[in-house]
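The structure appears right after this line, and notes come after that.
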Amino acid sequence: MEGGLLPIFVHPNHGRFTTREIRLGSRGDSYYEYLAKQYLQTGETIYRDMWEDVLDGIQKHLVTTTRNAALKYIAELPAGVGGALSPKMDHLVCFLPGTIAMGATEGRTLAEARRDPEWTPYHEDDVQLAIELMKTCWGMYAVTGTGLAPEIAWFNATEYDLQPNPGDRKQRSASSTLSNWHKDFIIKPVDAHNLQRPETVESLFMMYRVTGDSMYREWGWKIFQAFREHTMAPDGEGFTSLNDVRTVPPSTRDNMESFWLAETLKYLYLLFSPTDYMPLTEVVFNTEAHPFPRFTPTGTMITGWERLPR
């Protein structure tokens, strides 16, 4: 493990990693998400410490920028830490902006968190990273013909921006010009499908609760409208995945993923609900969008786990 980042495969017999590949999308995402959320739910500091290490590793090894608009995104490391970056980001990675914001503020509004004597410039940097990554996740929707995101986006990047340890380099400020965004998103035919995934609207919900910025509701409403327009069945009695988000009208797959109902629509509902409904200071949502109460564990519910010396 380097910089808090774990390879995506571990052998079930001996527990050693069988690859050096690191990514925060498929096969890796839930580990990172639960470090933050386990701390938020139970207050056990081992998870907070590991999450902070992960954020340092993400900033140093995975966050880089696109060629034209300088949008920040989470790259992959096919050869592990020290290797070149791959300019690929799964839609699954879009859980990260909301989780980072939640970890920084512990579910409070940003205004409340900033009044905490323990608030530091590091927390401020985390929130800023969440804001930048949220913008990129929204861009995955904004640049397509349907207004819906592909399963995977690739990015137009310079060789310089794909060199190891991007966090050691000064990064440019992002452009707000949509025409520049269009130049930076590359959607390959094999990755152009949309499975009605929840990660972006999950983060929009959390970002709105934390920042109070109505822009996140506006983005969520546009996504909801796009889902209604392009994925609703002709009889209006169901919704379907799409084969290609780039074409209008898109061809449909005639299947509806369970997480469309269980997660995507739930987070859209919560995004437009009153902010005192399921307050993030009292509940934490697991990776399947089930709310769990935040509590202080006692007795046998305390793990007592400690990290090994490093």
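The backbone N, Cα and C atoms fix where each Cβ goes, and this holds for glycine too.
Lifted from TrEMBL, the feature list:
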- T287: Ca(2+) binding site (BINDING)
- C94-C137: disulfide bond (DISULFID)
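Within the same chain, residues at least six positions away from T287 (Ca(2+) binding site) with a Cβ under 8 Å of its Cβ are D29, S30, E33, Y34, F95. Non-local neighbourhood of C137 (disulfide bond): H91, V93, C94, P97, A149, E199, T200, S203, each in the same chain, at least six residues away, with C-beta under 8 Å from its C-beta.
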